[in-house]
Amino acid sequence: MRSGVIAQKVGMTRVFTETGEHIPVTVLKLGNCQVVGHRTTEKNGYVALQLGSGSRKTVYMPKAERGQFAVAKVEPKRKLAEFRVSEDSLIPVGAEIQADHFVVGQFVDVTGTSVGKGFAGGMKRWNFGGLRATHGVSISHRSIGSTGGRQDPGKTWKNKKMPGHMGVDRITTLNLRVVQTDVERGLILVEGAVPGSKGGWISVRDAVKKPLPKEAPKPGKFKVAGEQAAEAPAMQEGA
């Protein structure tokens, strides 16, 4: 199981195929996505990579957090996230993951925070039908109607769909196809829409419900400080 990456949503555009077909894509940018730390079974009880992306001024950081980045010898990051990996997919601390960590044609799962809509009624939030336009209904055409029974159960059940705050939820979209990658600019183009607003932080990982292509680099495609980008050595059979 490979690591994912932290990216920022740039926006949407479209690309054209050789046959003239246009594909709507979302542009995701890798902003110096580096490995900040390891989580091991001996010390933490599980195996994972802690990644960081973006940049942050140290003046606004707690001293303990500054020390964490100093030990890893990486510049302070604005966004941190952990990705569960297998033991043979650990990437060295300080390595920068490249855009060609994902190959064209493979499927990925993306996770982000949806756009906030504020307070919304039942018709907008839950797609309720509302009340009738006439026949005695006045003022409350867009209300949700009854919310519970009479004597039995005599209450409104928990988790009843009602008006309330809409958006700002953690949303995962499954099986988006990678259309194109740009290593020099750190861009990943995925087909379709990605949750969140422009500039929002997005987690991208290999699709859980789709097979990983054979040409996908293992444990990943990364660049160590002071070296050119190179694919990590593959694990030998039976190792």
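Count begins at 1; order follows the chain as displayed.
Yeah, the Cβs are placed from backbone N, Cα and C, and that goes for glycine too.
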Swiss-Prot annotation (region 'Disordered') - matching range among 37-65, 211-239: 211-239
Per-state residue totals over the region 'Disordered' (140-164) - DSSP helix, strand, coil: 0 helix, 1 strand, 24 coil
